[in-house]
Every structure is written in structure tokens, then in C-alpha cells.
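Per Swiss-Prot, the features are as follows:
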CARBOHYD  Asn88  N-linked glycosylation site
CARBOHYD  Asn89  N-linked glycosylation site
CARBOHYD  Asn96  N-linked glycosylation site
CARBOHYD  Asn136  N-linked glycosylation site
CARBOHYD  Asn292  N-linked glycosylation site
CARBOHYD  Asn480  N-linked glycosylation site
CARBOHYD  Asn530  N-linked glycosylation site
SIGNAL    1-19  signal peptide
TOPO_DOM  20-568  topological domain 'Extracellular'
TOPO_DOM  590-604  topological domain 'Cytoplasmic'
TOPO_DOM  626-640  topological domain 'Extracellular'
TOPO_DOM  662-681  topological domain 'Cytoplasmic'
TOPO_DOM  703-725  topological domain 'Extracellular'
TOPO_DOM  747-762  topological domain 'Cytoplasmic'
TOPO_DOM  784-789  topological domain 'Extracellular'
TOPO_DOM  811-842  topological domain 'Cytoplasmic'
TRANSMEM  569-589  transmembrane segment
TRANSMEM  605-625  transmembrane segment
TRANSMEM  641-661  transmembrane segment
TRANSMEM  682-702  transmembrane segment
TRANSMEM  726-746  transmembrane segment
TRANSMEM  763-783  transmembrane segment
TRANSMEM  790-810  transmembrane segment
Amino acid sequence: MLFWAAHLLLSLQLAVAYCWAFSCQRTESSPGFSLPGDFLLAGLFSLHADCLQVRHRPLVTSCDRSDSFNGHGYHLFQAMRFTVEEINNSTALLPNITLGYELYDVCSESSNVYATLRVLAQQGTGHLEMQRDLRNHSSKVVALIGPDNTDHAVTTAALLSPFLMPLVSYEASSVILSGKRKFPSFLRTIPSDKYQVEVIVRLLQSFGWVWISLVGSYGDYGQLGVQALEELATPRGICVAFKNVVPLSAQAGDPRMQRMMLRLARARTTVVVVFSNRHLDGVFFRSVVLANLTGKVWIASEDWAISTNIPNVSGIQGIGTVLGVAIQQRQVPGLKEFEESYVQAVMGAPRTCPEGSWCGTNQLCRECHAFTTWNMPELGAFSMSAAYNVYEAVYAVAHGLHQLLGCTSGTCARGPVHPWQLLQQIYKVNFLLHKKTVAFDDKGDPLGYYDIIAWDWNGPEWTFEVIGSASLSPVHLDINKTKIQWHGKNNQVPVSVCTRDCLEGHHRLVMGSHHCCFECMPCEAGTFLNTSELHTCQPCGTEEWAPEGSSACFSRTVEFLGWHEPISLVLLAANTLLLLLLIGTAGLFAWRLHTPVVRSAGGRLCFLMLGSLVAGSCSLYSFFGKPTVPACLLRQPLFSLGFAIFLSCLTIRSFQLVIIFKFSTKVPTFYHTWAQNHGAGIFVIVSSTVHLFLCLTWLAMWTPRPTREYQRFPHLVILECTEVNSVGFLVAFAHNILLSISTFVCSYLGKELPENYNEAKCVTFSLLLHFVSWIAFFTMSSIYQGSYLPAVNVLAGLATLSGGFSGYFLPKCYVILCRPELNNTEHFQASIQDYTRRCGTT
């Protein structure tokens, strides 16, 4: 398939060549376009600019027009001549071998195709012949240098590819030419646009420009460059508000350019990237000046960044700031002097073709004969950089030929050289040229660097300043931003955004199709904005919190009722005092156990009551400090059980007094049965056992455990136990309420008992304090769930225990210690007799 495709291509080439043959021969030419040698190199240079017009016939354009001379191409033309002469004069490179050349002016696509076919012509002939094996093709040149732009290079590379003839371009930078399947013989000494596009995007990012316009020139260079820029910039957060291509035949101010300027103005972008060749760029910027598009930042691609074409546009100084990417500045030593000597040598009219020789079309430069040392084209920085690329390209071919001919021994072998053999060697070259390494990767691309430049209008004439550099593989920018003179006030960096950045903690809500246009919304509480994802708020971790509109999460404060907090110290002191009073009362009652006061209070039953209050008091210590499993298991159940035992004893004590004084004579059988069967003890045991069963069920089914509570307060972690408001807790509490009511009823029935046995008021006070304390606790727990809730629980428990102690035991302690005269049998008998008389009178 490839064989027939190659033959089809050759047939087409032959046909075109024959169609042009009769119109291509010249009778005169300029000296310097050809040089005989052992091996010939071809060079394609644009000594004249093409006339941009539509052609209807495939005729070769005559480049030698008086109004189209291209000084830049002239310098590159001279650079190749100079380099070949320098190599021929060298004894280290290609000794005993002389290089020659054939140079062509390729001002148009047709002249470029013609020159390429001339290069492919068989050695010793002026035409191509059909061949079965292209590997044996022997053309009169072994390699080709050029051409100067992507469009021409694509054509030339496609024609040379079947023959594998090396094509080393000095200015064609399009990434499409790196494809080795289509262009296996293409190499270049200018970096690929792949890197240029990366450098431009990095340049935009370094200044925070995310809202841009893209303009390209018609053709592969501009259109592919704009496409690559958009594809690379969009994933990096840069939005393209406007994109267009300058038409091939456009003129400044024509309707098409006016529409483009209008759309560019409406895009409201401060930064415009112009990826264009220097020829169409002039049309674009003349239109920019006519439309008065000022105050912008223009980013230049390397083809026009330091070209003198654009600065010569009238009014260009007012368009704004121009930054650009340029090939690294290098000098070709001796080139300027070489051009001056050439001018002196060719001064005069073109020569006539020698009889019998072939002078190819577009090997003529009439302007070159009119130059003097005073009016010759100025060799500026732009042309010098490109000339160095030509210099490097010729040296790369020479080194490849040096290796192929085995010249390392001091002499070179002579014999036929096929282009494909030379191509293999050129890929392998690796040498130093004026301290710069020359080598190619597997795609034929060189090692290289870019300069970052800024235009400077401070002086009387246009200049540019190198403000930074860009290294490749990987791409790295180094920019001195202080060197840039911005067009805005106070030399401030212009801003180019659709929407200004949101405040910290505000995420972007995209509006429309461009992600650079958005509204700013605050992040909700508990979320934060991560700088790596500006469109979505991220939730904080479990142990973290964030207020509304936050850019970071903060660690939650862990809170619990600590031992050393002021409120804890107060409660601990009060509870310890109560505990000491309970123990002291137990000791006092043991000392005065057989006195009437202790016996009337219940005798030995008082120790059970005091012990239950001590258990409840001890349980309150487990509310302080970090909750632990033992503390959670003991604190509420132990308190509840202790107070239940106390209430059971208090209830049965009140009930016994009522039976003794009111029902012993009325219902003697019940009284004797109750007394003989130890009814009081049975009741206390049964009641306590029931409550113990409830507590065990509570612990088994709703086991209190330490937990970290995150929901109540966004910025806090509350360490607590899970027993609060659990079903087990409420059931146990309900049992205590039932006992409290029973105690109140029994004490109320005994309100008319003898004074020393009438405890209705004291018991009522104790129970009232109990009810009020726990009502206050449940009310507080329903509205407050903070770290001080255990303190409220302790306070409620302390009030309950204090109420029980002060209501029942404290009056008796007072009598024992302060009124011993009332603690005797006679006083109690008198009180009973008084009660009997009152009952008898009623």
C-alpha cells in the first residue's frame, strides 16, 4: 500500500514538474545562490514576501518583485552561505570534503513546491524518474535546510518523506511536524510549539490572567497554535472568552476585521494572546489601532515577538503592554562582516546564465545588487536568533555527514551517500556549538530555551528587554517582573478576570458556560473551602469545625466537667462536707443508739438510711473528670439505688408510726401480724430489690458508656455518658417518684402524731426539695446540653441528698447535741400522754 502511495505521489510530482518546466527557466541569476561541492545542501529562504491573493492556475510565483523584499529572509540566506564557507574552511569537520549548496527564494507555496522538486531531481538530471526502491534514489542534494514557516514546511516534509531526505527547518515550529509517521525525515533547530504553548500558559498563570482572548493567523502555525493553547489553558482554569483567526486575504479595516475588532472589544478581556505569523500580524494590529483597542496586554508568539514588522505599524505605541516568547538570543560570530563583504562582491547587475546551464526560477535577488554597506538590511536581534538556527541546522547536517563518512580518522571516505543514511546519522548527533549542545530527540526536536521579552517604548525608538527565560523538558519560567513597564497607572499589573476572586471561605457558583464567570457563595458552617477545589466546599472532619464562610477547619474544643474548674471545686467541697456530716451523724447515732431520739428515728434502721445517703453522695464524685466506663456504669444507678433505699426506709418509718398510734387499737390483728412478721424489714428489702432489678435491667439494656457528642455545639466535643434521658434512667427515676409519693402520703397521715414523732413537715420539706431539684434538672437538660450539664446533675443530686439529711437527721442531731434535756424517756412519755388526751377529747 505504501509502495503504491509513494508512486502515486511521484507521478503527481512529475506531472506538476512538467507543467511548470517551461515557465521556470531563467536567463539570469544572482551570485551566491549556488556553490559546487562534493555534497550539496539545499536551502529554502523567503527573500521576498508573497503577494496574498487567490490564484486560479498552478503557476510558479515569481518572487523577485521590487516591492516585496524580505530583509529577515535575506539574513537567513546569508547565514547558510556563511556556515557552509566556515565548515569548508575547517580542518576538524569534514576534512578533504567540500560542501556546496543550492539556495532558493520560496516566497509562496508554489515556489516552495518547485524548489522541493528541484531538490529531489536525480543527480545529473533536472527531473524525477519512477523508481521501485526509493532507498536507492540519488538526488543532487543530500539534505535540505528550511523552509521558514509551518505551512511551507508541511508541504516540503510530505514531499521528502518517501525519500527519507533530511529536512532541517530553522523556523517551522508547529507541533504537527513532530509526527514521525507523516514526517519521518523532518527535524528542526527551533523548539516545538508544544513547549511554546506551555510557556505561554505558564506566563498567563504567573500573573493570574484567567480571562483571555485568542487570535491566530490563518494556516497551520496560527490555527494549530490557538487550538493547542485552548486545549492546554482550559483545564488549568483559564477561560477563552474570544477566539478567532485572521483571514489569509484580510486587509486592515475591511468588514471582516471590523467585526473581529468589535467582538474582541465586547469580550472585555485585558489579555489577548496573538499566536500569529509576522505577516498576517501586521494586518491584525493595524486593525487594532484603527479600532482604538488600547489598554490591553498582548502576548506574542515567537514568530512576531521581536520582529520589526509590527513595531513599525503607525500608532502601535498606544495599544498597551506587549509581552512575548522569543527564541533565546544567540549570535553567529562573523555573520555581519560576511554580509558586508558579500555586498561589496555582488554590487552591480545580476549575471547572465552561462550557456548550457540551468538557472532555476527564484534564484534571483535584484535588490541584493543595489545594497551598499550603508543601506544594507540591519541585522537585528530577531534575524540574528533565526540566523543562529540556520547556523545550527547546517552544522547538524555536517556532523551527521562527518559520522557517516567516517571522518574521525582525519580523512573522509568518498562514495555515494543516500539521504536515508544521512538521516540516521543526523538523529544521532550530539555536539557543542559555541557552548550550546546540539542534539535531537526521537521526534526531531532540539534542546532549547526561550526568552521572555517585553516591548519598551521609553526611548525614541522601539526596543525590547529580556525579562526572563524558560527552560524546557520540563518547562520552568524565571521572570523578573520588576523589569516590566505596565501601561496602567502606578505601574500595576493589569487584572484579566471575568469575576474577581471570592473572599476566603466563599465558593464559586459558575454562571453560564465559562467556569471563570461565577458568583461567590459562603461555605456553610461545618465546611471549608479548599484552595485546590474552589467550586465545592469540603466538609470538616469529625473532630473539626468551621464557621460559615471559612477557608479552614479548626480543631474542636474537648469539654467535660473537670476536677479543677471553679464550679467543680464548689460542688466537690459541698459534697465532701455532706459526706462528712453523714459519717459524723452515723457516729453520733451509734454513740447515742439507745436514747429516745435515736430509737424514735428508727434505731438501727437509721444506719441503713445514712449508708444509702453516703452511697448517693459517693456516686456524685464520678460526675467529675473525663467519663470512663466504671464512672458511667456507677454514677446514676448507684445514686438512684441509694436514694431508693433511703425513701423505702423513710416510707416504712412513717407508715409504722401511723400504725402504732392510729391503727394498733382499731385494727389490732393487722398490727400484730405486721409486727410479728417484720413487715418493715420485708418492705425495705422488697422495695430495694425491685429498684436493684430495675438498675440491673437498665445497665444490661441501656448500658451507659462514655461517648463523644458532636451535634449540640459545632465547635465543641462534649465528653459524656449515654445514660441521660435513657429509658432505664427514666424507669428508675419513676420508681423513686412513686416511693416519694408514698413517703409523703404516710408522713401526711402522721401529721397529728406526738410532737417527737411528727415528721410530716421535715419529710415534706425533704421531698419538696427533691422534686424541685429534679424538675430544675430536667428543665435545664432540655434547653442546655453543654459540658456543665453534669454539674447541674450533681447539684440536683446534692440538693436531694441534703434535703433528705437536713429534713430527717439534722433536727435529731440538734436535739442530741444542743437539747439533751429533750432526749429522755420522761419527755417522750409526756408527749405521748399529751397526744392521748387530745385524741380522747376528740
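Cβ coordinates are placed from backbone N, Cα and C, and glycine is handled just like the others.
Features as recorded by Swiss-Prot, highlighted on the structure.
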residue : record                      : Cβ within 10 Å
Asn88   : N-linked glycosylation site : 17
Asn89   : N-linked glycosylation site : 8
Asn96   : N-linked glycosylation site : 12
Asn136  : N-linked glycosylation site : 10
Asn292  : N-linked glycosylation site : 12
Asn480  : N-linked glycosylation site : 13
Asn530  : N-linked glycosylation site : 15
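For the pair Asn530 (N-linked glycosylation site) and Asn89 (N-linked glycosylation site), the Cα-Cα distance reads 65 Å. A contact between the transmembrane segment (790-810) and the transmembrane segment (682-702) is absent, since fewer than 3 of their C-beta pairs, 6 or more residues apart, lie under 8 Å. When averaged over the topological domain 'Cytoplasmic' (747-762), pLDDT in the model lands at 65. A Cα-Cα distance of 10 Å separates Asn89 (N-linked glycosylation site) from Asn96 (N-linked glycosylation site). A Cβ distance under 8 Å defines the sequence-distant neighbours of the topological domain 'Extracellular' (626-640), meaning residues of its chain 6+ beyond its ends; these are 560, 615-616, 618-620, 691, 695, 698-699, 703-707, 719-723, 729, 732-733, 736, 797. Of all the glycosylation sites in the list Asn88, Asn96, Asn136, the shortest Cα-Cα distance to Asn292 (N-linked glycosylation site) is found for Asn88. Annotation note: Asn96 (N-linked glycosylation site) sits in a coil segment as assigned by DSSP. Remote same-chain residues near the transmembrane segment (641-661) are listed as 601-602, 605, 608-609, 611-616, 619, 670-671, 674, 679-680, 683-684, 687-688, 691-692, 695, 732, 735-736, 739-740, 742-743, 746-747, 749-750, 753-754, 757, 759, 763, 766, 800-801, 804, 808, 835 (criterion: CB distance under 8 Å, separation of at least six residues from the stretch ends). DSSP assigns Asn136 (N-linked glycosylation site) to a helix in the three-state reduction.
Counting residues 6+ beyond its ends, the topological domain 'Extracellular' (784-789) has Cβ neighbours under 8 Å at 559-561, 567, 709, 712-713, 716, 718-720, 724 in the same chain.
Listed by sequence, the residues of this chain that lie at least six past the ends of the topological domain 'Extracellular' (703-725) yet keep a Cβ under 8 A from its Cβ atoms are 525-526, 542-543, 545, 547, 554, 556-560, 626-629, 631-633, 635-637, 781, 785-787, 789-790, 793. Annotated pair Asn88 (N-linked glycosylation site) and Asn480 (N-linked glycosylation site), C-alpha to C-alpha distance, rounded: 42 Å. For the pair formed by Asn480 (N-linked glycosylation site) and Asn96 (N-linked glycosylation site), distance between Cα atoms is given as 49 Å, rounded to the nearest Å.
Secondary structure of the topological domain 'Extracellular' (784-789) per DSSP (helix as H, G, I; strand as E, B; remaining residues coil): 1 helix, 0 strand, 5 coil. Of the recorded residues, Asn136 (N-linked glycosylation site) and Asn96 (N-linked glycosylation site) place their C-alpha atoms 25 Å from one another. Asn89 (N-linked glycosylation site) falls outside any helix or strand according to DSSP and counts as coil.
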